[in-house]
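Notes for the one structure printed next.
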């Protein structure tokens, strides 16, 4: 974390899973995802050893409650002095439902309808108090001004939440909200609500289509385009030469076990791929209730590159999204092209291994980006909203 902060990264993002991955145990036994920290506990600890870098955690709108989410993120925002972010997800893993008293996972579009209402409730709870509500006046004995308290009393299709939130308004007004879906429902939710979008387009052409689509939806939602940052995931492998970088990437591919690759492909498709002919083309895949955007992305890759099932499984078992492989100058060139041609507003960087992969990026790519004037040399603000160039939300109940 200190390395990322010294390099002036906007934020550290921690994903979360509410179930072990739904794959056969022979594949799962090879996966590091079988165990992970609960993100709020870890990020709260990291807040104490960092000063500027943002702290973004995943939390599900399907398997949690708005009051819990609002309270946790408000607490993290106060503990970190304004560096918290919420990655809003609806959860695609069907096995999560069985960990929360349900036999079936909620239908895809219904999950997004609930998420939209959930967002409204959480942000309403964050606005429970005016910024100056807590007067702490010793002479009068008044701890807060009751005229600066709002009781939400929400009653909707999916949620009933009275409020108010029992913690002061967050430092940022609202912690930033990130959205990660690329389906039609996901893009619409992002355009209406999000401060940032994590996406997975694997080519500049696809990135430009996604960027234009979401920004146009923002226009219709009467939002300013620069109030949402589009951040595709980028798997970055740096080498002193292009050949060295390619060799590193090829070596990583050899570590993908066949069983793990097929299991990862099954998850991405939402369909069991274990019976497919490994050396044949990908067959037609029926619609499922899993992540629609991941399914479409993998199918498109298989068709466009004429991959066999084995090749596709190896790709998905490693990383199937945007890959930037080359020298520091090569990677900076590609990043700059994405920014200039409106394929992204930045990137969600994924390192191939730690700590060397992170160190290579920080020591070689970051200085090249700084030399070109497309990445900061020092933090200019204190909060995550400052880092991303986002305004502080007004309190809907006390500001006009």
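Placed from the backbone N, Cα and C atoms, the Cβ positions cover glycine too.
Pulled from TrEMBL:
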| type | residues | note |
| --- | --- | --- |
| BINDING | 16, 58, 108, 112, 182, 183 | FMN binding site |
| DOMAIN | 2-343 | domain 'Luciferase-like' |
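Fewest Cβ neighbours within 10 Å among the binding-site residues 58, 182: that distinction goes to 58. According to DSSP, residue 108 (FMN binding site) is assigned to a helical segment. Same-chain residues at least 6 positions away in sequence with a Cβ under 8 Å from that of residue 112 (FMN binding site) are, in sequence order, 90, 181, 183, 185, 186, 188, 189.
Neighbour list (residue 16 (FMN binding site), Cβ cut-off 8 Å, at least 6 residues apart, same chain): 36, 38, 39, 57, 58, 59, 60.
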